Amino acid sequence: MAAARLLPVPAGPQPLSFQAKLTFEDVAVLLSQDEWDRLCPAQRGLYRNVMMETYGNVVSLGLPGSKPDIISQLERGEDPWVLDRKGAKKSQGLWSDYSDNLKYDHTTACTQQDSLSCPWECETKGESQNTDLSPKPLISEQTVILGKTPLGRIDQENNETKQSFCLSPNSVDHREVQVLSQSMPLTPHQAVPSGERPYMCVECGKCFGRSSHLLQHQRIHTGEKPYVCSVCGKAFSQSSVLSKHRRIHTGEKPYECNECGKAFRVSSDLAQHHKIHTGEKPHECLECRKAFTQLSHLIQHQRIHTGERPYVCPLCGKAFNHSTVLRSHQRVHTGEKPHRCNECGKTFSVKRTLLQHQRIHTGEKPYTCSECGKAFSDRSVLIQHHNVHTGEKPYECSECGKTFSHRSTLMNHERIHTEEKPYACYECGKAFVQHSHLIQHQRVHTGEKPYVCGECGHAFSARRSLIQHERIHTGEKPFQCTECGKAFSLKATLIVHLRTHTGEKPYECNSCGKAFSQYSVLIQHQRIHTGEKPYECGECGRAFNQHGHLIQHQKVHRKL
């Protein structure tokens, strides 16, 4: 587009300075509705920026006058075109109101200018003709500067100009008003003085050093998103954000790490990634001294100490300490599972869960414990594992005082006191304290066994069962009794064994008062009172109250 046309600056041999007489109307660039309709969204955005910048600069000179209607329209987010006037006063679009009464001798104007060609590429119509002031394309991406020009004269009685001038960058006095477009960088003498923020948002009172920054900010309040992606239709409030978004479609990743070669779409992501190599963690929690690579991670962490949960689900009222967790939660209500595994077709509501799941297929365990060398497929599991070495249990139950190494474990424990079971099975109605227990239970109905032993091919519905099974092959017995030194492959088995030394029998029968050291033994015992025999022989139909008794009975049929 050609450069934006601004009114020539009227000045004469008056004793008052030009600045004292300059008003916003003298330099405003007004549009008719037809001209406004012809602009694309990007041009409209640039027009808004230039007009607001112009007004801000005029105001900064301390000149009197009320706020023009067009500025009020822009602040309200309305279309800033002016109504066409009737007859000879019909708007010329790009010119302010008083310009309709002026006639410009373009030949004189251009010959007075330092032998430079007119920046608007007007054509000479002859010495006796007035210049054709028909609108040219409105705004360019180059800098537009309004400053002092050679003195012109206006005959106020006849409303005829004796001279007129095209504005030239060479004639600028830098003490005058300067209007700059968004796309050009400010030179030091053009920038707003350091620390000064003259542009204030009328909605929230926030101040900015440039009007273009104010305009971008105001789109938060108006919801305006003029920059639209031509591929997917997604809209953005800033052109720079659209440029970054386009890289999703093009696959462009121009920012490459010098250490490992990993590439990123956005420079800020590369800067954060560099901290992995340098080990830099500049953001430290004042409560517990834990440090983070990103400020956002610190802010999220601090909510553990404050208990703040600012993100509330509008459907169920549940609150979260991070916006991404809220978005993931909302998919519980919508049933949306946008992340699909290419190997088995299983879908997930959270991308992180998909990545964890894919490691089942690849066997990848990228998170290694620095203490014992044990590797894990999930970082959160490694963090929990670290507490085995440190013994740290920072989360305490307010009911019973029991402490836990992880906050989620505390939350699950608290449901023992409240008896809350928020996760119900749609098939049978059985409810569970933990969501993971529901998922595992649902495999009873589906028959799914996604966890397969690499040694013998045996499959399991729960990952924990696979881990326990693998110890049969490895012979690992990580749980040792401190009393007698006996080792066990399962922690639960160690707990039961310890009761041999303590004599503890916490499970008591309500019918006869007999106590047991194991919950499973209590369940078997209670069948004596109820007469329940859930284990039935497929050969003869005989039923038993214990699974072990059924196994023994079936050997009778095999001998026959």
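Note that Cβ sites are derived from N, Cα and C of the backbone, with glycine treated the same way.
Feature zinc finger, per Swiss-Prot, maps to range 283-305 of the set 53-75, 145-167, 283-305.
Looking at Lys225, Lys281, Swiss-Prot tags one of them with SUMO2 cross-link, and that residue is Lys225.
Here the candidates are Lys125, Lys275, and Swiss-Prot annotates Lys125 as SUMO2 cross-link. The candidates are Lys136, Lys365, Lys393; Swiss-Prot tags Lys136 with the feature SUMO2 cross-link. Looking at 24-46, 507-529, the range tied to zinc finger in Swiss-Prot is 507-529. In summary, of the candidate residues Lys421, Lys449, the record from Swiss-Prot lists SUMO2 cross-link for Lys421, whereas the others have no such entry there. Looking at Lys421 (SUMO2 cross-link) and Lys225 (SUMO2 cross-link), their Cα atoms lie 43 Å from each other.
Under a cutoff of 8 A between CB atoms, and with a sequence separation of 6+ in the same chain, the neighbours of Lys225 (SUMO2 cross-link) are Arg219, Ala235, Phe236, Ser237. Note on the zinc finger (395-417): its mean pLDDT in the predicted model is 85. Among the stretches 227-249, 255-277, 339-361, 479-501, 507-529, the one making the largest number of Cβ pairs under 8 Å with the zinc finger (451-473) is 479-501. Within 10 Å of the C-beta atom of Lys421 (SUMO2 cross-link) sit 14 other C-beta atoms, taking all shown protein chains into account.
Within its own chain, the zinc finger (227-249) is flanked in space by residues 41-42, 45, 216, 219-220, 265-266, which lie at least six positions past its ends and keep a Cβ under 8 Å from the stretch.
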